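A.B. asks: From TrEMBL, for reference:
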ACT_SITE  C368  active site, nucleophile
BINDING   C237, A238, A239, P240, G241, G242, K243, D261, D288, D318  S-adenosyl-L-methionine binding site
DOMAIN    141-394  domain 'SAM-dependent MTase RsmB/NOP-type'
Amino acid sequence: MSFFPKIAFQYEVEEYLTKVFRNNELITALGTQEAENKYQSLLSHLSHPPAFTTVRVNTHLASVKHVKKLLFEEIQKQFKGLHVPVLEHPKLQDILLIPVIGPRRDLKKHASEVIIGAQCGYAVLRGAHVYVPGIVSTSRFVKAGDLVSVYSDIEGKCKRGAKEFDGVKVFLGNGISELSRSEIFNSSGPLKGLGIRMIEPVYLSPSFDNVLPSHLFLQVCFHILDPQPGEKILDMCAAPGGKTTHLATLMHDQGEVIAMDKTANKVKKIKQNAELLQLNCIKAFCYDGTKALSVEKREDKQEGPPFLPESFDRILLDAPCSGMGQRPNMAYSSTLKEVTSYQPLQRKLFTVAVKLLKPGGVLVYSTCTITLSENEEQVAWALKTFPCLHLHPQ
C-alpha cells in the first residue's frame, strides 16, 4: 500500500513512536525485521482510507433489511450505475459495510488545479465534495464548469489565493468547479457553499451528506459494552452522541443513558441526535467527567452530575486522546508535548469511572489512537491500581 506517502510526524513525535514500536518486548517476540515491518505497515495504513465505510442502522426506527435496500438505491444513484454492494456485518447485526473502491490509478490529471487544506482532503477521501472554505488556491483562469484536478496541501504550506503551488501535494481526484477563481477568493462575505463537485475521486466512497439521517449513523461500534434494557448507563465523554444513541438503541430505549460532555455546544448536538433518532431514554448534561463523582449526599430528585459512588450498571469511557488512529491522515501536526498530555487526563477520568461503577458492572475504555501509553499501558495501570477490576476479552 504505497499510493500515498506514509503519515508524517514532527521529528520528536516520530522519534517517540519509533522507540515505542521497536521496544524490546516486541523485538523479542517478533524479531527485529518483523517488528519494523509491522510499524512501517501501520504508518502506511494510517494515510489511506479504510477498506470499508461502516454505518450503524438505527434499529429503533427501521429494520436492517429495509435500510440496506434504501442505502443500496442511494449508492447506485451516487455512483451512476457502478455496482457497489451494501454488506451486512457477519457478527454485528445492526452494522452495514460499503466497500471503498480504490486507489484508482488510471485517472487523468487536468491542467487546471485546485489545492485544498489537509482536513478537507481527508473528507474528500471519505466521499465528500469540496466546500469553498476548504479551498486554498486555484490555477489562474479557473471558471465555473471547468474540469479541475484536486490536490491536498498536506503540510499546510500553500498560501491562500496562490495561482500555483510547487510544494508537497497529493492528488485526490478530479471534479467540476462550481465557481470561478474570482468568486472563490474575491468574495467580501463569509465563504460557504459547494466549491468543487468531485466526479472522479481517487477513492470511491459514498457521500452521507443528508443521506437517511434518521436511519444511519457513521461511527464506531459499542456492542462490547452490551447494555441491557432497564439499566443505568453512563457515557462519560459523549459528544456528538453517536455512542450514546447506539447504547440507547441497543437497550431498546428502555432504561437510562446519561451522556456527559464539558462543552455546551457539543451537549446540544447530543440532544439533537437523540431527538433525530427518536430516543427518549437519553439525558445529556454539560459537565466535566473528572468531577462527576459526588463527595456529598445528593438530593433525591437530582438527575444530573455529580453522582454518588456505585451509581451505574455500565460505563463507557471513550476518552479524549491524541487521535493518531483516525484515518486517513498524511501529516500529524501535534507536538510531543500534546501527544503525551492525554495520559494523566485519561487516568483522572478512569479513576472516577471505577468509583461510579456498581460492583459487578462493566467498564469499557476506548481511544482512537495508536500509542501504547494511552492504550496498553493504561490497561496495565488500571489493573494494578484497582484490584477490583478484571480484564475481559473483546
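The backbone N, Cα and C atoms fix where each Cβ goes, glycine too.
For each listed feature, how buried is it and what is near it?
C.D. replies: Counting Cβ atoms from all protein chains shown, C237 (S-adenosyl-L-methionine binding site) has 20 others lying within 10 Å of its own Cβ.
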A.B. asks: Expressed to the nearest Å, what is the distance separating C237 (S-adenosyl-L-methionine binding site) and C368 (active site, nucleophile) at their Cα atoms?
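C.D. replies: Between the Cα atoms of C237 (S-adenosyl-L-methionine binding site) and C368 (active site, nucleophile), the distance comes to 13 Å.
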A.B. asks: Expressed to the nearest Å, what is the distance separating D288 (S-adenosyl-L-methionine binding site) and C368 (active site, nucleophile) at their Cα atoms?
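C.D. replies: The separation of the Cα atoms works out to 20 Å.
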A.B. asks: Please identify which of A239, C368 has the densest Cβ environment, defined as other Cβ atoms within 10 Å, among these recorded positions.
C.D. replies: A239
A.B. asks: What's the CA to CA span in angstrom from K243 (S-adenosyl-L-methionine binding site) over to C368 (active site, nucleophile)?
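C.D. replies: About 13 Å separate the Cα atoms of these two residues.
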